[in-house]
Each structure stands twice: as structure tokens, then as C-alpha cells.
Amino acid sequence: MKISVLILAAGLGTRMKSQNPKVLQKICSKAMILHILKQAYKISDDVCVVLSHQKEKVEQVILEHFPNTRFLEQDLQNFPGTAGALRGYESKHEKVLILCGDMPLVKADDLEKIALNESDFNVAVFKAKDPKSYGRIVLKENKIQKIVETKDANKEELAINICNSGVYAIKAQILKEVLPLIKNDNKAKEYYLTDAVYLAKEKGYEIDAVFVNEQDFMGVNDKIELCLAQDLMQEAIKKEWMKQGVIFHMPATTFISDEVEFVGECEVYENVRIEGKSKIINSIIKSSSVIEDSIVENSDVGPLAHLRPKCQLKNTHIGNFVECKNALLNGVKAGHLSYLGDCEIDEGSNIGCGTITCNYDGVKKHKTKIGKNVFVGSDTQFIAPVNIEDEVIIAAGSCVNKDVKKGSLFINRAKEEIIKDYFYTKFKK
């Protein structure tokens, strides 16, 4: 059976205390809604997101990553609530899976289990450790009789610990039947999608409870829950890579984006941050290093090194306080205190302490090319664009502003001068 997915993301998210919409708050360097969409598209080719607050901003972010997504705008003023969000929605498939836009930990397997349950109407539920403000599920022989919102629950209903996750799978035809019947005669004066349960039951449909893990379906409403969700996601990401052979030293101190890929035997030390679509192949990343959207193969990086986007390292050593950006390094040693930006450096070359590729002229970026077996002395500046051929020696303290031919020694220093007794003259001693 094909499934349509509808994601409710129109809420104001006031508890986030942010000018950005709640669903654009970042978890593991990515907007919360994108984590949900990634899972949704694993089970469906028809995904629609309901928006209202800062609609255009959210649409732009979503379409950059998932261009086939449909959108529906909710009229919050006249039709608030989860059922109000569905006004005007048309499903492309026989069954609709409805979930919230603040559930970044949901997995496609669980969503599919809920959607493909044989019942006409399924509700994902969990046993809550602390029911808090969750809607309570009234069950009879594992069939749902009704869902009661906390605001409207009596003392007996509040004692129930089986709670509504906010995820539903319902046949599109049933949805069309019951939606027009939902009223806002409750304390909040909202149109509750939970009312669809008793309305469907009145029409003779059975509503099944599908039990799920509370943690995987947690909603993120404030910065505390945002932090908790990220911690849980980080833990899951690192556990999965450890199962595949990656060694993490003090994993609680490291940050790994969900798009990072490890291949072969890799080792990651404490306080490391690896972001974006980085790929680490048979390499060691030492303490307090940051890697962004870069490829590291058969290399060691750090400690205290920074690879900015578009770096490609192979058989290379990058030491402490070395920053690279858009650098192609093959068989290179850069031990300490250097900036290597917009450059290509070939195998056997050694980059001395304090080397800088001066890549920016105030308007455009320029490239530095360094060939094989080049020895670069300490405190060297390359004024790009510049090309250094193979087997060149650059003397320490040089400012390289022209191309250097193969086998040459390049020296460019200010002429030394010693003025006798200058100290005494200056300070009149």
C-alpha cells in the first residue's frame, strides 16, 4: 500500500524563545524538520508540510533539500489546532500518515509499522514515564475508545500513563468523512485531530493502538528538549559507527553530523567536531580538531587543527594550529601554526611552521600550487597566484611573490642591518 505523509509544522513555537520558527531550530547542524523529512521520504513519494508562521522561510529551507515537497497553509486565526491544519488537504494515496514537525528522532521503520498496520485507523501510543501534558489514551481490549487532551481530562483520565504520540495513520476516505464533523467545543477552542478517534468509532471503524518507544517520538518544544534531542541523536550516531569499527575516545565530548561517513579503521579523540558531508577513511582525528565538509584519507589530523570546507587530504599529516580551506594535500606534512587556503600541495612536500598562503586580494581568491618534494622553511608567505614546481627549497622568512622553477632555492628577505649603540642613542643612556 502506498502512503501519503502529512507533517504538521504550523505552530508558533513560542517556548523556543527564538525569532526562527521552531521547525528550523537545528539539531546536529541541521534544521529539525529536515531530519523528519529524510525519514518520511524513505516510506513515501507524497509528502506535504502544513505551515503558517514564517511560511516562506520554512519553505525555502525545505525545498533546498527536498524539492518535491508539497505545502499547505493553515489558517490559525479561524481554524487553530491539529484538525484545523488538515483543512484543504488532498491525499494522493489511500492512506495518510500524520505526524508533527517537532519529532526529529522518529525513524522510517517505526513510521512504516504504524502506517502499514492493517487497521483503518492507527494511533501511535507509548507508556510514558511522566505523562505531563500528553493526551491520554482510553483503551478497551487494545482498541482505542477515545483520546483525551490534558486540559479536558478528569482525575481518572489523568492517572492513565498510556499517551498519544501525535502520530496517526488513517485511510484517506475516513479522514474526509470525519474532518468536517470536528468541532472546537473545548477549553482551548481548537479543532483537535484527536476528536477524529471517537467520530470514526461512532461510524463503526476500529482504532488500533500501535505501541512505540517514547524517546523516539519525543516532541521538541523548548531549548532544553532541543538539547536533549541532540544528545540522544549524537549518542545514536556514534553507537552506530562504533558498531562498524570506529574508535571514539570519550565519545560524549565529540560531535558527529549525521551526514558524516567513516570508512575502514578510524580513530576519533576527545573534543572533536566533524560536520557536513565529511568522509574519514582509515584516519586518526586527534583532540580538539574541527573538520567541515572535507575528505580525510590515510591521514592524521590534529590536535587542535581546523579543516574548513572542500579540503581533500590523502597520506597527509596536519599538526596543531594548522588551518586548511579548499586545500588539496597529497602526501604532505604541515606540522604546526600554518594557514593553507585555496592551495594544491603534492607528495613529499614539507610545510614549515608559520607558513601562510595569502589567497585573498580583497576582491578575489587566488590559488597557490606547490609541487612534489618541496621544502618550505618557517615563516614563509606565498602571495597567490603562485606556482612552485617540484624539488624547490624556500628559505625561511621568505615572501614568495613569483613562480619558482624546478630544483631552485628561493630566498627573499629584507637586507639585514646592525646599528651599533642604537639602544643608547634612542633612550639617551
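Backbone N, Cα and C define each Cβ position, glycine as well.
The region 'Pyrophosphorylase' feature in Swiss-Prot is assigned to 1-223; the stated evidence is sequence analysis. Sequence annotations record features per position, and here Swiss-Prot assigns UDP-N-acetyl-alpha-D-glucosamine binding site to 8-11, LYS22, GLN74, 81-82, GLY135, GLU149, ASN164, ASN221, ARG308, LYS325, TYR339, ASN350 based on sequence analysis. Here Swiss-Prot flags ASP102, ASN221 as Mg(2+) binding site. Look at Swiss-Prot and you will find 224-244 tagged as region 'Linker'. For 245-429, the entry in Swiss-Prot reads region 'N-acetyltransferase'. According to Swiss-Prot, the feature active site, proton acceptor maps to HIS336. Residues annotated as acetyl-CoA binding site in Swiss-Prot: ASN359, TYR360, SER378, ALA396, ARG413.
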Tally every other Cβ atom lying within 10 Å of the Cβ atom of LEU8 (UDP-N-acetyl-alpha-D-glucosamine binding site). 24
Per-region confidence, the region 'Pyrophosphorylase' (1-223) (mean pLDDT, whole number): 93
I need the most crowded of these binding-site residues: ALA10, ALA396. Count other C-beta atoms within 10 angstroms of each C-beta and give me the top one. ALA10
Alpha-carbon spacing, ARG308 (UDP-N-acetyl-alpha-D-glucosamine binding site) to ASN221 (Mg(2+) binding site), which is rounded to whole Å: 32
Could you tell me which of these binding-site residues, ASN164, ASN359, SER378, has the fewest other Cβ atoms within 10 Å of its Cβ? SER378
Listed recorded positions ASP102, ASN221, HIS336, TYR360, SER378, ARG413; those within 10 A of LYS22 (UDP-N-acetyl-alpha-D-glucosamine binding site), CA to CA, turn out to be ASP102, ASN221
Secondary structure content, the region 'Linker' (224-244) (per DSSP, counts of residues): 20 helix, 0 strand, 1 coil
Measure from the Cβ of ARG308 (UDP-N-acetyl-alpha-D-glucosamine binding site) and count the other Cβ atoms within 10 Å, all protein chains considered. 16
Number of Cβ atoms other than its own within 10 Å, given for TYR339 (UDP-N-acetyl-alpha-D-glucosamine binding site): 20
Please work out which residue of LYS22, HIS336, ARG413 has the most C-beta neighbours within 10 angstroms of its C-beta, and give that one of the recorded positions. LYS22
For acetyl-CoA, with binding residues ASN359, TYR360, SER378, ALA396, ARG413 per the record, max Cα distance (Å, no decimals) returned as 22
Would you kindly give the Cα-Cα distance separating GLY81 (UDP-N-acetyl-alpha-D-glucosamine binding site) and ARG413 (acetyl-CoA binding site), rounded to the nearest Å? 73
